[in-house]
């Protein structure tokens, strides 16, 4: 009779005969292993379906004759401090990254892991617009400009763009998708690159400007952050056109 350890090893690459045999094994340890394995298989099946569903826009573009399809997304529209960062990503044929989703739905550890895999395998561009320019041209225009800069970095350049909820002033054929980072693998990949890149920049900013908690709040208007602004004043990273900073300046 096989030991629990042996069965655990065999479940790394099981066949139907093994599964059927284990179902008949009445040992509680074996049944726990089998239940864990079945849960793992169900999860993998769900992730595969999710990934396939999130390729629908890419498949449609391929069917229309496009070959180099880029997803683009931004991170950092809402914070009081720091740049808005956009990424554009063309995923290679056959790319599979189970669990890829809107970066806001992923843990920091998972985002970092996915970031490395995407950077290693895909065609990636990044655009960064700093706070001073955000104040000058407004956050929507800054977000669009960052996306265009990211797209322009792609080599080879895309012939079709999937953009998250915006229409860009470019000649390349494009499609705007509301909540695209949860509907398109290309946009989801771009959201991960943009988010991780921006978070790293904010940690660098925190070293330059200690006391604001930028490494934790990423520039968002937390109670701690607003309190630090009142206590320490504004930095070059702060967006002076954003409330409550705008009112604080004029009060």
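Glycine residues also receive a Cβ, built from the backbone N, Cα and C atoms like all the rest.
Taken from TrEMBL, the feature domain 'RNase H type-2' covers 67-251. For 73, 74, 164, the entry in TrEMBL reads divalent metal cation binding site.
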Sequence gap of 6 or more, C-beta under 8 Å: which same-chain residues meet both conditions with respect to residue 74 (divalent metal cation binding site)? 84, 85, 86, 87, 143, 146, 147, 164, 194
If one looks at the chain holding residue 73 (divalent metal cation binding site), which residues at least 6 apart in sequence have a CB under 8 angstroms from its CB? 86, 87, 147, 163, 164, 180, 181, 187, 188, 190, 191, 194
Surrounding CB atoms that lie within 10 Å of the CB of residue 164 (divalent metal cation binding site), all protein chains: 26
To what whole number does the mean pLDDT across the domain 'RNase H type-2' (67-251) round? 98
Note on divalent metal cation: the CB centroid of 73, 74, 164 has further same-chain residues inside 8 Å, namely 72, 75, 86, 87, 143, 147, 163, 165, 166, 180, 181, 187, 190, 191, 194
